[in-house]
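Reviewing the structure listed below.
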């Protein structure tokens, strides 16, 4: 048998492959190298660099961590780990790595440049400028730092300095396409159209895939009267950036200028499908003019359309949408009804009115409007999806699950379907020994909900490989040691050995055909870290008081502000509970709530405990341990409800007026959740305000 390559040969092979751009070969050689030389810090470091270039940031982070465990004072490894963390959005951790690298090597220009990026991303423009200037002082040929300094200057309104920085970047790197594009933006802001045109054209010539440059070029061509040129540039931009609403909106404007009205309408609708709160696209829809960008201004734009044509059904329906987003429900309903009076088969208005009625708790009436929308346009997939959700709320599970599959077909897709070279699992496949690749959909809550069905899948003789959020994998593994799991993000190759696939959101269609089938729901599917749980219990416990974990907000995109309002309570509503002498509230609310918490403390004192230093978004192991250390969870509709119930913890879910925010929070019986045996729902038609609802919570605590 041939001798294994020496570590020296493996290292040389890795370096040679990396220099040649052969990343998989470099990875293979480096993995052999670190296996043979596990204490070689630079080996782990270089492997991390390769993995990062391959886009496998979790593995890259692990390799950088190994390098730093061996050699903590390794500035380059710290910078590269920071870059991987920036790619994952872990800006605080990235900043810490960069500051440590600079402490070790104060003249490390790349570290200063990366620190500038983190500071810029966190809103510290002055700090970003200081870091970029330091990087440039250390490395005068640092083109990327000049470019990034230009971005900071441009955002600060210091256009002349931005132009100077971009020009310096281009002097150092003439083929820097992004610098040409942003120099053109800065020149255009100064009114120098011809110079801007030169640099936009250079950017598109150097990088034919730079969608922003084609979009900007198209806008300038339109402004200068070259409409055919504008359309060509914007169509190219739309091909390069199919998910960019402003590109499609601007293309619509150019089509309109060319009297291609149908194309203009289609382009604006594509923009609105991608970004429903894009007031520019709403304003430009149909014959609307301008680009205003604010909800009230959008309403004014629609009103101008309606002033010209009071029976313009599209404008009425879309005006209703904006009013609905502003929670002006009576006005929105009036707009929809006016649109339908003009055009009874206007399927958008039918669907929109149905959704509003569903939000108001009038599900049966909503379902009729969805059906009418589908009669008017059988391809109205948004209406089909909404009808399915309403049917699931009514526990009409068969038809509801069928229409729930329309989530892949809506515009934009509610869930993007993943391509698999496998048949999709069907009910007929159960009990035949298949192994299913289950890919995760949407957020943590949705994935936990789906995971409650997996014991039933196993009971039907079907094995699986489950894609999981890596933050939850340890808790899943403790509770379910036999489960096969792979971490998100995952390539299809990770599901090797599977002969069927299924999106996790489709498990209900396969395994929960009727109400009785929910009797098989497991008591729990997660298990917290027992050591951390006990540590938090000792830290938080107070004699004579029950520990109650609380969460009160759901963070939603701007266009779904009405959903956020429905799913969120003010922290102030918890004040009566905080004043009780038999409970101690423990804050497990993720997100930026500092201002709200500060206001609460100023008014009521420090009556709510919070675990200092716990990252409530990323350290789900810690969050689960805190929740499990408590005696009870009280929460509105957000991920905390899923976490508590998935642990099997007594969990009280609160929502107003017996109007569940999602299909899975519907009540069965007096207060039971069909999905989570330990979860109880506290609501009631008469409990239509948070003070009233919390009176009921008090009663239950006293019981």
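We number each residue from 1, going along the chain as drawn.
Any Cβ shown, glycine's included, is placed from N, Cα and C.
Listed features, source TrEMBL:
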type   : residues : note
REPEAT : 41-74    : repeat 'TPR'
REPEAT : 109-142  : repeat 'TPR'
REPEAT : 143-176  : repeat 'TPR'
REPEAT : 177-210  : repeat 'TPR'
REPEAT : 211-244  : repeat 'TPR'
REPEAT : 245-278  : repeat 'TPR'
REPEAT : 279-312  : repeat 'TPR'
REPEAT : 313-346  : repeat 'TPR'
REPEAT : 347-380  : repeat 'TPR'
DSSP-derived helix, strand and coil totals, residue by residue, for the repeat 'TPR' (41-74): 27 helix, 0 strand, 7 coil
Same-chain residue ranges lying at least 6 outside the repeat 'TPR' (143-176) that approach it to Cβ under 8 Å: 109, 112-113, 116-117, 120, 125, 128-129, 132-133, 135-136, 182-183, 185-187, 189-190, 206
For the repeat 'TPR' (109-142), distant same-chain residues with Cβ under 8 A (at least six beyond the ends): 75, 78-79, 82-83, 86, 91, 94-95, 98-99, 101-102, 148-149, 151-153, 155-156, 172
Spatial neighbours of the repeat 'TPR' (177-210) far in sequence, C-beta under 8 Å, 6+ residues away: 143, 147, 150-151, 154, 159-160, 162-163, 166-167, 169-170, 216-217, 220, 223-224, 233, 236, 240
Stretch-averaged pLDDT - the repeat 'TPR' (109-142): 95
For the repeat 'TPR' (177-210), the number of residues DSSP places in helix, strand and coil: 27 helix, 0 strand, 7 coil
